[in-house]
Each structure stands twice: as C-alpha cells, then as structure tokens.
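Below is one structure; the comments refer to it alone.
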C-alpha cells in the first residue's frame, strides 16, 4: 500500500501548486497594481487574476479526450512543464501583456492538474483507502495556499516587495513536480489495461500494491473494459464449504465455490432464489461475472428467515448474506458463440479493448446517469457560497477587531490582509484532515448529508446578522463563528467530495472525457460566481447573496439524498455497474 500512498502524495503536488498560485496572485496583485498604475484600469486588474481561470477552462475542454488517448501520466508531465514555464515568464514579465500570457500558461497547468490528479489517484489507489488518498488534492491545495501566504506575508514586510519574485518562485516546486512525474509516477494501470498493455499494467500494479500476486485485481481491471449490458441484482448466501456439506443441502448448479487466502479454506455461495436470469445467462453465454458484496446481517438473523434452493439454512450457522451484481463478462464474445466453439466464448483482453474513444458510450444510460450526478454536484458546489464567503472573510475578521489588532503591532494594510487570508486557510487544514480520516469510514454520501445542513445554518446566521440590528460586538462574533464553521464543514464535505465522486463513477474507457466535462462545469461555474458576486452585492446586498447560497445548499441536500449513491469500499468497476443497473431500473420504472 505504501507505493500507492507515495504515488498519490507525489501526484497531489499538482494541486499544491494550484493553491500556491491562487494565494500568490491574491497577494502579488496588490503590488502589480502600483507598478503598472492599474487603479484606473479594473478590467486589466481583473484579467491578471482571471487569466488562469480562462486558461484552465480552455485546456479542460480537450484534456479528457487526450488523457483517454495518450494516458494520464503524459498530461501530468505537461502540467508540471506548464507550471515551470509560467513561473519563469512571470519572473521576467517586463509589461502587463507578458504577465497576462504567463497567467494563461499557468492556467493551462492548473486545468490539467485539477482534472487529472483526482482521476489518476482513483485509478491507482486501493479500494479501501481511495477516499482518503483522493482527499489529498484538497489538503495539498489548501496547504499550498497557506505556505504561499506565509511567503507573501514575509516579503510584504520588506521595504520594496517584489511581486515578480513572489510569482516566479512557482518554478522551483514545479521543477520538483516535473522530476516526480517523469522519474517516479507510473502510468495508470487501468489506462494500460484499457489499451491492451496487460504486462505493463501488471508490473505497475505489483509496484503499487507491493506484492507479486495481483491476479485478482488484474481480473477486475479487465472487467472494467466494458460495462455489462444485462446487469441485474441477485441475493446469495455464503457459508463454509464443509458446513454446507454437513447440513446435507442438495447440490445446486448455480452454486459458486470461493477459495480463501489460506490453503484448504473454501466457501460456497448459493443464490437465495434459483433459476431465472442466472440460469439463462449460463445457457446463453457459458458463464457470467458476479460481484459479491457482504450485507450487514446480524448474527441472530443468519439462517433464521432466509432459505436457499435445496433446503433451509439451519439456525446458528456461520452464514453471510451478500448482494450480487450479475452481468455479462467484458471478454464475452457473441461472435465466438455463433461459431459454436467448444468451451467458454471469450476473447483475449488485448482484443477486447476499445479502438479509440467510443463517443457513443457517453450516451449509454449508466454513463448519462453518472454525468448527471457529476455535473449536478459541480454546479451546486460552485453556487453553495464558498467564493462569496472567501470574498467576505477579510471584512468579517476586520469587524471582529483582527484588523485593528494587527495594525496596532505595526503591520500595513496589505500585510494585515495577507495574514488574515493565511489564518483563514490555516483553519481549513485540520478539517480536511478529519475528512481524510472519515472518507473511507463514514463514506462520501454520509459526509455530504452531514455537513451540508451545517452550511445551511451558518449561511442563515450570516443572513440574520446582516438583516437584524444585533449590535457591533454580537454581529462581529456571530459572523466570525459562522464563517469559521462554514469553512471547516465545507472542506470536510462539499469541497473535496464532488471531485472524488467524479473520479469514481465513470467507466474506464470514457473516464477522462467525463471527468473533463465535470471539470469544465466547475471552471465555468467558478467564473460565473466570481464575476457576478460584485454585481449581486450591489443589487441585493450581503443578506440577499447569503440567502441565495443557503437556498442552493438546501437544493444540494435534496439532490445528494435523491441521486448520489455511496461509493466507499467499492472497486471503480463495480461503481460503474451500479450506475448502469440503476439507470436501467429507472428507465423501466418510467416506461
């Protein structure tokens, strides 16, 4: 597991650089305005900040298709190169137009990192810690912001702060990121399997897992080559092989023999209801793929109310109830069946891979359902208020007396503003650490449903203190507490989870394209919210803005409750199957 953890940490440096850049430009723009006399040119000032957003949006439009075609690793390398080049150009920047070009190049690097790092980590991480590792980009981004604010704050104390050095320092960690992407990060084993490069995929997987035997996981990755078209649910009872034999249960054609890790240990899985689709599938295709997932059944229910073909389960037996996702194997070939060859109708994995991007797969019911969930989460996240609260935070903390306190110790207004932002970012890190711990224990859906109500309450308090006359001290105290609570709970749930889910719910063959579509939604929403915020503040005031954010959070809670499934502990290939069968059931319900 240490291999996968180190790879995830190395990959998430791309997000650290994004956070570093976001914080650096927020501080550097205070000095850029003075040098280029931009006080009377707000459009140029806004473009200096926005150019990276524009660059990220542009490159995201085609990064997914390219990632599916050439691999994840080459684009991570490209991201590090773009970061490095932009840092050097910003360090030089003789005029504002060269600076704008550098910011655009920087945006290209950001766009690739934000899109591909979660995807890459999802495809390399073990199932049981995938949520933890995919929260690393959020932690790295916030950590990068904090480190950058500390650097900018230190430089702001100098007699003549140099914004070029502030921005150009980005090239130093970018060089380290480049070295890691070139010499350390492997290609995604799932992408290698999708291109038929099985031997390479096995070697990479062995390195990531730290063991020689990865045959079970390789089989699962091969099944990710296609989403089953005839997926359905069945229920199974699993018990020790010898115990089933002792109980005198009749032999059953549909039973599965499961072999444990220890020699001589085996179990038998038998369907709760015999016949039906399972038997039909065996007649038609030779065999099926079956994903078994243990359900939570208490000991006193085992063997008491469930029956199996061939006899009732005796009370007190060591039996487990399991849900089974049954579908057609990815390597199943109807062409071979039609030839009436002896043996299973299977093809070699290298022959089953997609030849180029299958754009038609985007219109498969399961993929469309997953896209609806991914795009919906990204839109709701952007309109849930994080940008507004970030924008308002310095004002709130100044009202609370932090600004006066800092000015009393001799800090300039610019230095005080930067330090306040650094303190705000520092508050996020422990909360993200808690989220990393809970992501694979409590689950993504649980965290969203637990944290969104807290966001609603925090926003409601901000609305009330801006509508009611509660006094200066009470207003400052309630506002400060609400902002801190909002930040902490946002980064525990709505901050990292949309990107985590978007990296989990799509089939391997179109995962790059689909996550790019979701990332494009993220960037467009970011631009809309950021640049409509000042207009909304003038039109409806702070209370109105936070009221809208609260309503969006309510809609987000309903959306998550109705549409977002739990994905913790499931292999990516099983998650995509669940979306496929869920879309199929939804269509049947409406017909």
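Along the chain as shown, the residues are counted starting at 1.
In case you wondered, yes, glycine gets a Cβ from its N, Cα and C as well.
For 7-568, the entry in TrEMBL reads domain 'Major facilitator superfamily (MFS) profile'. The average pLDDT computed over the domain 'Major facilitator superfamily (MFS) profile' (7-568) stands at 82.
Feature annotation from TrEMBL assigns transmembrane segment to 43-63 (among others). Within the chain, the transmembrane segment (43-63) has long-range Cβ neighbours (under 8 A, six or more residues past its boundaries) at 21, 25-26, 29, 32-33, 36, 75, 96, 99-100, 103-108, 110-112, 114-116, 512, 516, 519-520, 523-524, 526-527, 530-531.
The transmembrane segment feature in TrEMBL is assigned to 75-94 (among others). Sequence-distant contacts of the transmembrane segment (75-94) (same chain, six or more residues past either end, CB-CB distance under 8 Å): 11, 14, 17, 63, 66-67, 101-103, 105-106, 108-109, 112-113, 116-117, 120, 164-165, 167-172, 174-175, 177-178, 180-182, 185.
Annotation comment: TrEMBL describes 100-121 (among others) as transmembrane segment.
The feature transmembrane segment is assigned by TrEMBL to 142-159 (among others).
According to TrEMBL, the feature transmembrane segment maps to 165-185 (among others).
Among the features that TrEMBL reports, transmembrane segment is placed at 413-434 (among others).
The transmembrane segment annotation in TrEMBL covers 446-468 (among others).
For 474-501 (among others), the entry in TrEMBL reads transmembrane segment. Long-range contacts of the transmembrane segment (474-501) within the same chain, counting only residues at least 6 positions beyond its ends with a Cβ under 8 Å from a Cβ of the stretch, are 114, 118, 122, 131, 134-135, 137-138, 142, 373-374, 377-378, 380-381, 384-386, 389, 392-393, 396-397, 399-401, 424, 427-428, 430-432, 434-435, 438-439, 444, 447-448, 450-452, 454-455, 457-459, 461-462, 465, 518, 522, 556, 564, 567.
Per TrEMBL, the feature transmembrane segment maps to 513-533 (among others).
Annotated transmembrane segment per TrEMBL: 539-562 (among others), in sequence order.
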